[in-house]
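Below is one structure, written out as structure tokens, with a few remarks after it.
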Amino acid sequence: MRKNLWTFQFGGEASGLVGSAMVSQHFVVLLMSLYCLTQSVVESSSWWSLGMNPVQMPEVYIIGAQPLCSQLSGLSQGQKKLCQLYQDHMQFIGDGAKTGIKECQYQFRHRRWNCSTVDNTSVFGRVMQIGSRETAFTYAISAAGVVNAVSRACREGELSTCGCSRAARPKDLPRDWLWGGCGDNLDYGYRFAKEFVDAREREKIHQKGSYESSRIMMNLHNNEAGRRAVSTLADVACKCHGVSGSCSLKTCWLQLADFRKVGDHLKEKYDSAGAMKLNTRGKLVQVNNKFNSPTMNDLVYIDPSPDYCVHNESTGSLGTQGRLCNKTSEGMDGCELMCCGRGYDQFKTVQTERCHCKFHWCCYVKCKKCTEVVDQFACK
């Protein structure tokens, strides 16, 4: 019956066999295309999505919590296993991702690429499939966010496997100052972030010397740079004790820096990021040997940045059409650079602000609301 069907469609037994082979070939191609598409979706999904859809707790951890980890989008197999072992950590990984995303958007708010998110589990879209310096920054700031969130959660007693910092007393701390209190557990936060964030890269298997292997090395390097930024900027904080605030005695502990400082630090590293390439041994080396080799504290990239001026679905660029710009600025936020020479439209908006604020005894400030019509400019 099947033979007759093909004969009917292709006009004869011989042509039927050829037709069957052709259809089979097309079917295989279709399956391969679907497989590649599925793999692309899997590869593009990321644990960053935990920052977009916060993990609910505590009820999800009560009984049979393993399904939770399989339901969380963007996790690799290794990350799902860590989720099953450390389920109470997942909320703070999400917090760290969210902190990293927000800081990325703040640091690039005046740039053509402004760290915009998209409505899927890749979070940043196809632009992250390019090994650019923007991708390097994103990996670093998100890894830093996890260190920050987990270290702080330890200090606040939110996690069952860690507590206050046990960091050694700094050698330069004055003798009469006490080393104690409850510091941020940077050591634990660093180690857990390394285990979790790097898991996705370490479980990938690609041929040595391939582009994919260079991306893995790039991602791991920038993850480490992000973690080290948090570690480098952490400092000693102290509290005074004594009669009438005389500060005759101080208690000190290790404290994380404000995350804005981490963002500023990594933004500087972004501006000076090193362009890399694969050598014959399958290692990343500098493209230009005239510069100092990047350290583990620096960011590295392997691809030039795409054109962020125009919308391009293949690269993930959203373009700058409709972006607000500063008419009087000569910087990246200025209309000339932001709009890529396309010009801009002017429009008026009404802004409401607090004004004429007065302090009243005791103890509050009362303000009026003032409205103002202002000119704004948006790229064509």
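Our numbering is plain: 1 for the first residue shown, then up by one each step along the chain.
Placement of Cβ uses the backbone N, Cα and C atoms for every residue, glycine included.
Feature annotations, courtesy of Swiss-Prot:
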SIGNAL    1-40  signal peptide
DISULFID  Cys104-Cys115  disulfide bond
CARBOHYD  Asn114  N-linked glycosylation site
CARBOHYD  Asn120  N-linked glycosylation site
DISULFID  Cys154-Cys162  disulfide bond
DISULFID  Cys164-Cys182  disulfide bond
DISULFID  Cys238-Cys252  disulfide bond
DISULFID  Cys240-Cys247  disulfide bond
LIPID     Ser244  O-palmitoleoyl serine
DISULFID  Cys309-Cys340  disulfide bond
CARBOHYD  Asn312  N-linked glycosylation site
DISULFID  Cys325-Cys335  disulfide bond
CARBOHYD  Asn326  N-linked glycosylation site
DISULFID  Cys339-Cys379  disulfide bond
DISULFID  Cys355-Cys370  disulfide bond
DISULFID  Cys357-Cys367  disulfide bond
DISULFID  Cys362-Cys363  disulfide bond
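Residues near Cys115 (disulfide bond) in space but far in sequence (CB under 8 A, at least 6 apart, same chain), listed by position: Ile101, Cys104, Gln105, Gln107, Phe108, Phe124, Glu134, Thr138. Look at Cys252 (disulfide bond): DSSP puts it in a strand.
A Cα-Cα distance of 19 Å separates Cys182 (disulfide bond) from Cys247 (disulfide bond). Around Cys335 (disulfide bond), the C-beta neighbours below 8 angstroms that are at least 6 residues distant in the chain are Cys325, Asn326, Lys327, Ser329, Tyr344, Phe377, Cys379. Taking each of the disulfide-bonded residues Cys104, Cys182, Cys339, Cys355, Cys370 in turn and counting other Cβ atoms within 10 Å of its Cβ gives the largest count for Cys104. The most crowded of the disulfide-bonded residues listed here (Cys240, Cys309, Cys367) is Cys309, judged by how many other CB atoms sit within 10 Å of its own CB.
When other Cβ atoms within 10 Å of the Cβ of Cys162 (disulfide bond) are tallied across all protein chains shown, the result is 21. Cys104 (disulfide bond) falls within a helix when secondary structure is assigned with DSSP. Most Cβ neighbours within 10 Å, among the disulfide-bonded residues Cys247, Cys357, Cys362, Cys363: Cys247 holds that distinction in the structure as shown. With respect to Cys238 (disulfide bond), the closest of these recorded positions in Cα terms is Cys164, chosen from Asn114, Cys164, Cys355, Cys363.
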